[in-house]
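Undergrad: Heads up, here are the entries from Swiss-Prot:
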DOMAIN    2-241  domain 'ABC transporter'
BINDING   G38, R39, S40, G41, A42, G43, K44, S45  ATP binding site
Amino acid sequence: MIEIRNISQRFAGPRGSVEALHNVNLSIPAGEVFGIIGRSGAGKSTLVRTINLLTRPSEGNIVVNGRDLTTLPAAQLREARREIGMIFQHFNLLSSRTVYGNVALPLELAGMKRDEIEANVLPLLELVGLTAQKDRYPAQISGGQKQRVGIARALASKPKVLLSDEATSALDPETTRSILDLLRRINRELNLTIVLITHQMDVIKQVCDRVAVLDAGRVVEEGKVIDVFLQPHHEVTRALIGDVIAQELPPAMKARVAERLKTGSGHLLRLAFTGSGVDQPILSETIRRYELDFNILHGQIDEIQGQAFGSLAVLAGGEPAKVAQALTYLREQGVVVEELSYVE
């Protein structure tokens, strides 16, 4: 569906050329919700704007539905862009037009007849839950409703791809959840491919199938959301998921744990469980089988796309040989085990 091939983007700066993207390669299958996350300035918005060539890359190719957009002449590019909708952090609604009028605008500009416009707009308003608000003006509806108008407007041309650039970052948590639920429902009902840009890992957790982590214009990690959450490899990924899965020990415990690590009287472990392992007595069975002491420092259980996962930080005490055997056993049970030689 979407192939991002060797994309680099450079801009002129006061001190010379600035590279916003460096050799980015991503493949996004049809019907997937794909998240791109990173800190401010990582290049997220620049990358998503290359997908519909709002920003033309300095190098590389963008292939959507088998067509290389970077090689298309202007008329064919305009046609191809009709298959790519986009929503933004700022709603960009026309204050002089009603909800209905804002959604109808791109169809009017395309020269569609009035009865055809109505036949397209009314189902979209029903889809996004705004049928009752169709005659209201932007000033008369909430921020979440404005974003729903933006989504309906982006879907008016019946695109195959929807790009979302920080579309929920200006919304409160409850409204954010409702918008993400709507995007997921649209993805399933319309088989719409969605590329979602955000700086919030909780957004990725709620709605995305896979995720790419961007840092300084480079993809530093990519994979299924559940895998990235349970076993983050890059330090940027660890920092981004810190508010979703507790990665750090509470400050009050750090000194005590550090002292035990110095004396060799304990092993600091991070354990991650998923699927059926979340509600199985794996830890208690390990303690009994290998005669270990496990001090649970912190833990939590959450859910990603209907799949339960859990994370524990434990300080294990016991004979080194038995600790090693216990870690092997845990891994055999499907537990992700990370041995830490220091206190973060």
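Glycine is treated like the rest: Cβ placed from N, Cα and C.
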Undergrad: Which three-state DSSP class does G41 (ATP binding site) fall into?
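TA: In three-state terms, G41 (ATP binding site) counts as coil.
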Undergrad: Within a 10 Å radius of its Cβ, which of these binding-site residues (G38, G41, G43) has the fewest neighbouring Cβ atoms?
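TA: Comparing Cβ neighbours within 10 Å for the binding-site residues G38, G41, G43, G41 has the fewest.
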Undergrad: Which residues of the same chain, at least 6 positions away in sequence, have a Cβ lying under 8 Å from the Cβ of S40 (ATP binding site)?
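TA: Residues satisfying the criterion: H199.
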Undergrad: Among the binding-site residues R39, K44, which residue has its Cβ surrounded by the fewest other Cβ atoms within 10 Å?
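TA: Relative to the other binding-site residues in R39, K44, R39 has the fewest Cβ atoms within 10 Å.
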